[in-house]
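First the structure, in the form of structure tokens, and then the observations on it.
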Amino acid sequence: MADGKGDAAAVAGAGAEAPAVAGAGDGVETESMVRGHRPVSPAPGASGLRPCLWQLETELREQEVSEVSSLNYCRSFCQTLLQYASNKNASEHIVYLLEVYRLAIQSFASARPYLTTECEDVLLVLGRLVLSCFELLLSVSESELPCEVWLPFLQSLQESHDALLEFGNNNLQILVHVTKEGVWKNPVLLKILSQQPVETEEVNKLIAQEGPSFLQMRIKHLLKSNCIPQATALSKLCAESKEISNVSSFQQAYITCLCSMLPNEDAIKEIAKVDCKEVLDIICNLESEGQDNTAFVLCTTYLTQQLQTASVYCSWELTLFWSKLQRRIDPSLDTFLERCRQFGVIAKTQQHLFCLIRVIQTEAQDAGLGVSILLCVRALQLRSSEDEEMKASVCKTIACLLPEDLEVRRACQLTEFLIEPSLDGFNMLEELYLQPDQKFDEENAPVPNSLRCELLLALKAHWPFDPEFWDWKTLKRHCHQLLGQEASDSDDDLSGYEMSINDTDVLESFLSDYDEGKEDKQYRRRDLTDQHKEKRDKKPIGSSERYQRWLQYKFFCLLCKRECIEARILHHSKMHMEDGIYTCPVCIKKFKRKEMFVPHVMEHVKMPPSRRDRSKKKLLLKGSQKGICPKSPSAIPEQNHSLNDQAKGESHEYVTFSKLEDCHLQDRDLYPCPGTDCSRVFKQFKYLSVHLKAEHQNNDENAKHYLDMKNRREKCTYCRRHFMSAFHLREHEQVHCGPQPYMCVSIDCYARFGSVNELLNHKQKHDDLRYKCELNGCNIVFSDLGQLYHHEAQHFRDASYTCNFLGCKKFYYSKIEYQNHLSMHNVENSNGDIKKSVKLEESATGEKQDCINQPHLLNQTDKSHLPEDLFCAESANSQIDTETAENLKENSDSNSSDQLSHSSSASMNEELIDTLDHSETMQDVLLSNEKVFGPSSLKEKCSSMAVCFDGTKFTCGFDGCGSTYKNARGMQKHLRKVHPYHFKPKKIKTKDLFPSLGNEHNQTTEKLDAEPKPCSDTNSDSPDEGLDHNIHIKCKREHQGYSSESSICASKRPCTEDTMLELLLRLKHLSLKNSITHGSFSGSLQGYPSSGAKSLQSVSSISDLNFQNQDENMPSQYLAQLAAKPFFCELQGCKYEFVTREALLMHYLKKHNYSKEKVLQLTMFQHRYSPFQCHICQRSFTRKTHLRIHYKNKHQIGSDRATHKLLDNEKCDHEGPCSVDRLKGDCSAELGGDPSSNSEKPHCHPKKDECSSETDLESSCEETESKTSDISSPIGSHREEQEGREGRGSRRTVAKGNLCYILNKYHKPFHCIHKTCNSSFTNLKGLIRHYRTVHQYNKEQLCLEKDKARTKRELVKCKKIFACKYKECNKRFLCSKALAKHCSDSHNLDHIEEPKVLSEAGSAARFSCNQPQCPAVFYTFNKLKHHLMEQHNIEGEIHSDYEIHCDLNGCGQIFTHRSNYSQHVYYRHKDYYDDLFRSQKVANERLLRSEKVCQTADTQGHEHQTTRRSFNAKSKKCGLIKEKKAPISFKTRAEALHMCVEHSEHTQYPCMVQGCLSVVKLESSIVRHYKRTHQMSSAYLEQQMENLVVCVKYGTKIKEEPPSEADPCIKKEENRSCESERTEHSHSPGDSSAPIQNTDCCHSSERDGGQKGCIESSSVFDADTLLYRGTLKCNHSSKTTSLEQCNIVQPPPPCKIENSIPNPNGTESGTYFTSFQLPLPRIKESETRQHSSGQENTVKNPTHVPKENFRKHSQPRSFDLKTYKPMGFESSFLKFIQESEEKEDDFDDWEPSEHLTLSNSSQSSNDLTGNVVANNMVNDSEPEVDIPHSSSDSTIHENLTAIPPLIVAETTTVPSLENLRVVLDKALTDCGELALKQLHYLRPVVVLERSKFSTPILDLFPTKKTDELCVGSS
């Protein structure tokens, strides 16, 4: 209570503490009072305490309750208690002290009503009283105290506690609890003290119960009792507890315990974990408590750990504490020094050594000099990563310790100088060396000689040389070499350095200008000599930068074995010159002439030449500046005149701010993306940077160029402003001339300063820094200089010299660079005069204001907005000769029929520019009548139609349409809306079209009609490939009367490099046919660069066209195509061309020495390139051979027919112009992919014998032999052709960036197939989204709808159309299957009429098995061949002229190779690919099946063979996979089980093949084992899965299986499998009104009414076997027929067998029920019938059903319980219940021999969810596998056989469910409600097992009065 109030508080505090000190202090704290050693004897005087306390209480009662009275009472109470408790005999009488505390507590409790808590001493006295009593109890054992003492104490304590509780004081609660339980008898406490593991919750509960104070008492008591381990355990738990807020006391107790345990490695590690500051606090506390020894042990231990771990945290404080404690405990100085030496040995840092030296000097002074020197030596020897400053401090320390030893001081100073060379250090070293030497006095030396020698050796270890025998001059020279980095040689120093200034000047002059010529050497020498003479007098010592640079480069002379600096190599070589012969000191070559020797020596020099003053020299000597500007601003004025002249000569070559003023770029702050095909515009530069990094990383040449130009920017060293080029920087640096070059560029503040620091200080004083753009008129202001520089850079970017070639967006600020770039595109005219555009600057300047008067237009274009040549008529990027223009004008007046206008030809100046991105009209920016303005950033490609522009308005040039619009945007909307057939922008990335430059001549041309020709297609069957095709435009001129208007032909642009390459190659083979004036290429396109601007070559080729008359006929271009060499070398100057890519690859490798990796990165090798194109079906091939084979096989083109076609076509060349109708027909035929390309005709194809297009002529002269191949199905062959052309025009999609489109239905080719829904979409994604959102389709059903949509789009292109014959239905289909499905879905056509519908198409190819009694029929020969090899063992050579027909989803394509078929299935029918060609993961995807017991040929009769044959014939219908021909013998199940380990902890899968002993853990592993080891195919594994995969689970007991009893079971199971063979039932017309879901069920054809009912579960079909069978219709009529039946020797009782229902995604019904978790899709009633009956009608033969029937299923519909008709297992179950009521005694007829063995399925338990599971009963005498009762339900279910439900068939007769409900209600008392829910949600789970309870089974079934029972009554 030292913190109490006033004197009274102090007295009370003393008194409160006194009981603990007096009673427990004299007694408890002594070790003699430890429990068991304290005598128990009564002590006199305790009786006098009661009256004293009563008197105090009486006095208190007489007074009013106040703070003063309470304070007085507490003071008197403490004094009285101290008087009695401090009796000198009290410590020997525990009973006496216990009585004292009892009375004191009782008295205080009775006085509590008269005390107030406003007095702080009240609670304080009570708390101290409780603690003192508890401390006494810790030392007393209950057994030591007599009952007459202990019991009254407990009773009094409880009464006092109750009294205090009335006033809210529960201080006695802990004491009462402890005394009742026993002070040391708490079970948790006992566990802790016995060091047993304790739960954290229990520890926290104990801590919360007793509190920190009581626990501290316990720990102190344990320490006093020397119970160190117990105290350690308790204190550690308290220190780590989160229940105690302040754990410092417990931490200290824990550390104290650890110190008591030393030496102990674990204790040392625990101490080392504590933070150093906490350790220091604990040391201080221990010292204050008088525990110096513990504090010293702790300090020594922690300091040792710090020294060993090199930790310097609080190292000085720790070392100081240690020294004080060491000296206090052991005053001996020698011991202290020895300990310091020991610490120095283990120290690893110099900081620790310094701390030790300091405490030694403090404690020992001169006596510790030797140890201090020893520690210094140790510090010098440490090779740590500490800085050199610390070692210099060590040297200074040594010099201070030994001030009289001159040699040591010299060594220390030299070491310090060598570590940190400085002029001051050199001066001090010089002073020491100038002092006279001293002789070492060994006798009077302060340190031993050995230690001194060790010190000198440690110092010399830091020297790069050994100056022991050097004089001061030599050492001084070496020191000067080191000082050369920061100091120069003075005049005095140079005298000893043998270096003349003339030699160095000659050397520097030579190093600077040797490579540029020697004509100015004399001038350079004189100039530099003068400069150095002027500066030499002013130089202080160590101020030359030249010498510092020289010292960095040295060479080793082989002649004199010395090292010299390279700057003196010539001077050094003179030493070795003899008889006029020069010897190279580096390579010892000899030269007779100096002119040859000097250049040779310079080759060895690595030092860079000094070019400090080159710019001044060159200006004076050469008159031109090519170097950098002088660094000093003062050197600039004298060059201003030359710079100005220079700038005048260069200014016209660069874009400058003065030229930007005329471009109307003011107040524009937009950043368009420079990337190819990207028209994004950003309002901030940072977003452009992010966009470039994300979208145009490494594959965009234009983006790379932009970044390169950005990196070329220069920065001013004075104002940090950025400039576009070095020219702009030089032009700007004139601003910084003068003595104050640093300038503040903020608005209205142009203060100048002489240093950058002054400028920075000035900027800090600015309130608001605002920077304005330098462009006059631009008022945009920035607060950040970086943003300003980006803004100004964009101004230059907008007005730069920009290349306008297609695909090239490169820009330049210099016209020379721009012209050099254009030369890369080979666009120079024949005379090479590319500077015509420069000459036309003046004329173009006059048009600038008219051309560009809206700055926002520049927002969308980065193109040629150069002021000088903005719109030049003969620009370098689109040049046409005058002769060409005149020819075009003449042709417009003539009657020529066709004029070829290429997409990249010279007609680029006639383009119609598409929609602008902004809303400004074109009338403000239109040029004169002779020019067309073309903004370059377009969202859409130009359309291919004729549009006339007369300078003021746009006029539509189509027949009968003369609409006029003011701007291009309105014209484009008109074209999209009114002429959608011709305006067909492809879905390609938005790409900037470059503006065409205007033509000088006023041309009047005819209307151009564009006919796009598809360039390329791919051979891939992927529907996603080939969507984006590049259109080759052929503009055919017609004489239409629009000659007075200038025509503008806009052509579509390709968007990818590979298709552009194809387009360029096509240009080589084009000819200008059907015209009087023909054009031919004067040159060939050979040397194309590989950059992104490949179109530029085509432009240059077209621009060089020379039109001349050609009277002779052109040769066949098809033959020219076949003779072409499309793969050409991309290097400039190399004209090699090759037919194949491989040949080009070898050319690069051998001719140009490219690596293969580098070649594969070239453009030609990056893309799929198919240059050889079929002119009929537009398919492309990579080889000419493939194209010839295609012509021969697909189009039956031979040499005779080709010759005939050529003759006819040549006649057409001279017949004159084609008719307009014919031209339109050709155009629509070329478009070909759009269903609405000709609205009057359903389909339009060019006739092969007519000259429909120029491409027909190309292939008309093929000279290959004719071999007509047998195409069995015209539909199939045409379908393959359609697949090849998929996407050229049929899938029109819209680019993302377009504005609103006004499109009608004809331009939305993706239509919804629902009858009442007229929605149509522009792309497939929109249609799919429509199906899923509007019609609630799920993902699995979209496959069929997608095919329907494609079928509808391909309707126009089909050769043979199947039209629906119903009235008011004009739908047409590609194949008979689609028609049959439509009739069944839409017109309720019964499936009986299906053969009539299917007969229209004729069977493509039906292959019947030729073996007797085998009804199998196949569609493909491979299936028949497979069937013959597997079923009939016919392995002879089977010849085939047949092909593989794809019958999935109604597809009729034919393939001759299996690889092509597999690729087709992967792309077109991907859902079936896994089932047809890839092994499934059986463990995750197959249902639980019943076990097919091993096949034994002897026990199986003819019936089993028939069953196996029928199974095989159906399981391999769609397989097309060959299996192993050799028969494989399998083990029996018993043999397989004996291979397994009986007590294995995991599942086991033994190999069932005879002779193989493999046992694996996973099902996938055994499947892989069969495939790899036994070469089994996937189809065979699927068939034999249950025989081959046997799962032995954990805990399975392996027992003997009696073979004699297993055989009947095998036989019966096989018989039941045979009986469950699939049958197809006829559906009566009367049932057609009710939708029927696809089910696969079988019923016995005959029912014996007298036969006794028996419930019997049998084997369920293999899920994959069912998967290949087709959908079946369930009907309970008597007309049931079976195509294949098995003869059963012993007919078993009637049994209902169920087959699994394939769910909509093709898997088994295990996942079928899982799909119910999704929302049930809504579907119309007609569509429900459509789905259900469509699969019925597609079944042509029961033995061959296309795979599609298992994928496309009807929608899961809501289930009406009234219409529920149980069948299969449910039916038999109900029937069994009903019969059991009538014939209860029939159960006696059950025979155990007919019970099948328990199925051991290998499926995982995950597939069990939602399945009907039937578990066959196990015979007692024939158990195969015993299931432990402890196994979980999932483990039991894994061994059960799955029987999927069949509950959706709807008929009129509905049996009652009451019996079933009653049975469930009575038998399943605990789960009846759950069972009803399962039935309600169509997910019943019924498990039949052997009864495990004693209740007779008859008692479970209802009585006759079932109506009286209610569901759920139990």
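Glycine residues also receive a Cβ, built from the backbone N, Cα and C atoms like all the rest.
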Q. Taking 140-165, 348-373, 400-425, 1362-1387 as the choices, which stretch does Swiss-Prot tie to zinc finger?
A. 1362-1387
Q) Among Ser41, Ser1170, which is annotated phosphoserine in Swiss-Prot? A) Ser41
Q | Among Lys594, Lys973, Lys1346, Lys1762, residue that the record in Swiss-Prot marks as SUMO2 cross-link | A | Lys1762
Q) For which of Lys622, Lys991, Lys1194 does Swiss-Prot record the feature SUMO2 cross-link? A) Lys622
Q. Between the zinc finger (1407-1432) and the zinc finger (1362-1387), are there at least three Cβ pairs closer than 8 Å, leaving out pairs fewer than 6 positions apart?
A. no
Q | seg_contact(the zinc finger (671-696), the zinc finger (801-825)) with at least 3 CB pairs under 8 angstroms, min sep 6 | A | yes
Q: Ten-angstrom check, please: count other Cβ atoms within 10 Å of the Cβ of Lys1423 (SUMO2 cross-link), all chains counted.
A: 22
(Q) Any contact between the zinc finger (714-736) and the zinc finger (1172-1195)? By contact I mean 3+ C-beta pairs closer than 8 Å, pairs at least 6 apart along the chain. (A) no
**Q.** Residues in the zinc finger (742-766) grouped by DSSP into helix, strand and remaining coil
**A.** 10 helix, 4 strand, 11 coil
**Q.** Stretch-averaged pLDDT - the zinc finger (1444-1469)
**A.** 77
(Q) Using DSSP, what is the helix/strand/coil residue split across the zinc finger (1362-1387)? (A) 11 helix, 4 strand, 11 coil
